[in-house]
Amino acid sequence: MEVFYYVVFGVLGIVVAALELSKNNKDRINTSSAFTSFKNNYLVVYSLMMAGDWLQGPYVYYLYSTYGFSKGDIGQLFIAGFGSSMLFGTIVGSLADKQGRKRACVTYCITYILSCITKHSPQYKVLMVGRVLGGIATSLLFSSFESWLVAEHNKRGFEQQWLSLTFSKAVFFGNGLVAIIAGLFGNLLVHSFSLGPVAPFDAAACFLAIGMAVILSSWSENYGDPSDNKDLITQFRGAAVAIASDEKIALLGAIQSLFEGSMYTFVFLWTPALSPNDEEIPHGFIFATFMLASMLGSSLASRLLSRSSPKVESYMQIVFLVSAASLLLPIIMASLVAPSKVKGGGISFSGCFQLLGFCIFEACVGLFWPSIMKMRSQYIPEEARSTIMNFFRIPLNIFVCVVLYNVNAFPITVMFGMCSIFLFVASLLQRRLMMIVDKPKTNDWTPLNERNTEDDPLNV
């Protein structure tokens with residue numbers, strides 16, 4: 001492995017350590033012992049859930065290829081996962097508001113464990129079922145846990161500012177440290193212990209089972225709007241009314257879809273961008289470097305969210321602009337440096353610059369997660385939190401499915417340019433959100449069972 005990778009990883013590690021160790025009282029939030037216990041319990045569960053997810057990620061494509069499936073077949077499996085998240089995941093996630101967020105979190109564990117079990121079969125139909133289950137689980141992971149946390153935090157009467165501390169720590173550990181450890185642990189199971197590509201999925205199932213046991217033994221149940229006469233269709237209509245009646249919610253959904261769509265596209269593009277001529281690059285080590293950069297971003301977010309100024313709506317404009325600029329690097333390098341025609345070898349000079357830019361983008365991802373969580377906790381109504389959050393994922397999943405289906409139809413520079421444009425638009429929408437942050441919504445949102453249905457604009 002070239003020294004360059006070690007230098008980048010080492011510098012990022014030093015910066016993250018320095019940021020964490022240099023925090024002063026202004027960067028810390030004084031909390032109660034009861035909150036600390038509550039926060040730590042959630043962080044343990046969330047880290048276990050993310051470990052179950054991160055262990056699988058690097059080996060899904062590899063496992064399918066070892067079973068002898070073609071690139072096209074594997075692409076269909078991936079599309080099935082995102083499509084499932086859009087269709088079934090939205091329905092199951094919405095049931096969390098009605099049936100309980102704790103139950104939804106347990107459902108996530110069971111669904112993902114079953115998905116892991118299907119990986120033992122080389123049968124295409126069985127693997128397709130696993131992808132469908134995995135798509136449902138993904139929707140639950142990114143809606144039910146956050147919904148439970150916000151509701152439980154408010155139910156216990158903790159200060160609103162303390163919620164940002166939990167968000168930033170969850171991203172720092174769950175999306176950063178745990179991701180790095182999971183990547184190294186998976187590599188140990190597959191390569192060092194020679195247990196095969198299915199081993200990380202078995203390990204993931206074990207972590208998910210442990211997390212489920214903690215949830216069942218220590219979490220209490222909470223709901224959105226538990227009214228008896230509110231069926232699933234009414235919930236969907238209620239969520240649509242909430243989005244239509246409050247511009248802040250609509251803007252938040254658009255911003256989230258634009259950023260996450262670019263982020264998931266980046267996941268598919270960074271490997272061919274860094275090795276266009278089949279250069280030998282250490283994928284696992286680069287992945288760990290990206291996660292370290294994400295930890296850097298979440299550490300910065302922790303400092304920013306602990307202070308009253310600048311507001312999250314303000315600094316996120318800059319984050320989106322920086323992320324847009326970072327994804328322009330492949331286009332800039334392609335125009336400045338003539339592409340090499342030599343196959344193999346180590347990472348190129350152009351690849352080194354792109355890797356640095358990608359680390360900046362990952363730092364922006366680390367800033368994005370706790371910040372978007374904070375804004376969602378402020379603007380999304382509690383009664384339909386899970387439903388609305390899954391509504392936000394519908395355009396995201398459509399976008400990713402389209403990208404996957406056409407990933408070979410456009411040059412890689414066009415794809416990066418598209419992502420950069422989306423991030424720039426997200427910055428413009430974020431500016432609009434900042435301008436109307438104190439503006440009252442046009443219509444007061446109330447649960448649909450309390451509305452006069454004759455006056456409901458969606459009652460057609």
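Positions of Cβ are set from backbone N, Cα and C atoms, glycine also.
Remember, TrEMBL labels are computer predictions, not curated facts.
Here's what TrEMBL has on this protein:
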type: TRANSMEM; residues: 6-22; note: transmembrane segment
type: TRANSMEM; residues: 43-62; note: transmembrane segment
type: TRANSMEM; residues: 74-96; note: transmembrane segment
type: TRANSMEM; residues: 170-189; note: transmembrane segment
type: TRANSMEM; residues: 201-219; note: transmembrane segment
type: TRANSMEM; residues: 285-306; note: transmembrane segment
type: TRANSMEM; residues: 318-338; note: transmembrane segment
type: TRANSMEM; residues: 344-369; note: transmembrane segment
type: TRANSMEM; residues: 390-406; note: transmembrane segment
type: TRANSMEM; residues: 412-429; note: transmembrane segment
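Note: the stretches the transmembrane segment (74-96) and the transmembrane segment (6-22) are not in contact (fewer than 3 CB pairs below 8 A, sequence gap of 6 or more). Cβ atoms under 8 Å from those of the transmembrane segment (201-219) belong to residues 41, 44-45, 48-49, 51-53, 55-56, 59, 63, 102, 105-106, 109-110, 112-113, 116-117, 119, 148, 152, 185-186, 189 of the same chain, restricted to positions at least 6 beyond its ends. Using a Cβ-Cβ cut-off under 8 Å and counting only residues 6 or more beyond its ends in the same chain, the transmembrane segment (412-429) has close neighbours at 251, 254-255, 258-259, 261-262, 265-266, 269, 272-273, 276, 317, 320-321, 323-325, 327-328, 330-331, 334, 403.
Here the transmembrane segment (6-22) lies next to the transmembrane segment (285-306) in space: the count of CB pairs under 8 Å, restricted to residues six or more apart, reaches at least 3. Counting Cβ pairs closer than 8 Å and at least 6 residues apart in sequence, the transmembrane segment (170-189) and the transmembrane segment (344-369) reach three or more and so form a contact.
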